[in-house]
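These notes are about the structure you will find just below.
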Amino acid sequence: MIKVEIKPSQAQFTTRSGVSRQGKPYSLNEQLCYVDLGNEYPVLVKITLDEGQPAYAPGLYTVHLSSFKVGQFGSLMIDRLRLVPAK
């Protein structure tokens, strides 16, 4: 199980926007969190939120199964990271 922690200082998202190579404007909401990958220290990462999704509240989370998908050639891939509160 992958453990994710959102600290109180990370309870908001930042918006990154611009124009794609195809000339279309885009906007992404990103939130910082720490992911425990089993090493000595957790790793600070950015997760992209779904459009209209509020920021995750501070707390402990795990990765929801909908974050994974099967790729074109049958390999397991990570899709957009979605979190659920840890029990």
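Just so it is clear, glycine is given a Cβ too, placed from its N, Cα and C backbone atoms.
Annotated in Swiss-Prot:
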SITE      Arg16  site 'Involved in DNA binding'
SITE      Arg21  site 'Involved in DNA binding'
SITE      Tyr26  site 'Involved in DNA binding'
SITE      Tyr34  site 'Involved in DNA binding'
SITE      Lys46  site 'Involved in DNA binding'
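On the structure: features taken from Swiss-Prot.
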residue: Arg16; record: site 'Involved in DNA binding'; CB count, 10 Å: 12
residue: Arg21; record: site 'Involved in DNA binding'; CB count, 10 Å: 5
residue: Tyr26; record: site 'Involved in DNA binding'; CB count, 10 Å: 10
residue: Tyr34; record: site 'Involved in DNA binding'; CB count, 10 Å: 16
residue: Lys46; record: site 'Involved in DNA binding'; CB count, 10 Å: 13
What kind of secondary structure is Arg21 (site 'Involved in DNA binding') part of, going by DSSP in three states? coil
If you measure Lys46 (site 'Involved in DNA binding') to Tyr34 (site 'Involved in DNA binding') at Cα, how many Å is it? 9
Arg16 (site 'Involved in DNA binding') in three-state DSSP notation: strand
Expressed to the nearest Å, what is the distance separating Tyr26 (site 'Involved in DNA binding') and Arg16 (site 'Involved in DNA binding') at their Cα atoms? 8
Do you know offhand how many angstrom separate Arg16 (site 'Involved in DNA binding') and Tyr34 (site 'Involved in DNA binding') by C-alpha? 20
Cα of Arg21 (site 'Involved in DNA binding') to Cα of Tyr34 (site 'Involved in DNA binding'): how many Å, rounded? 31
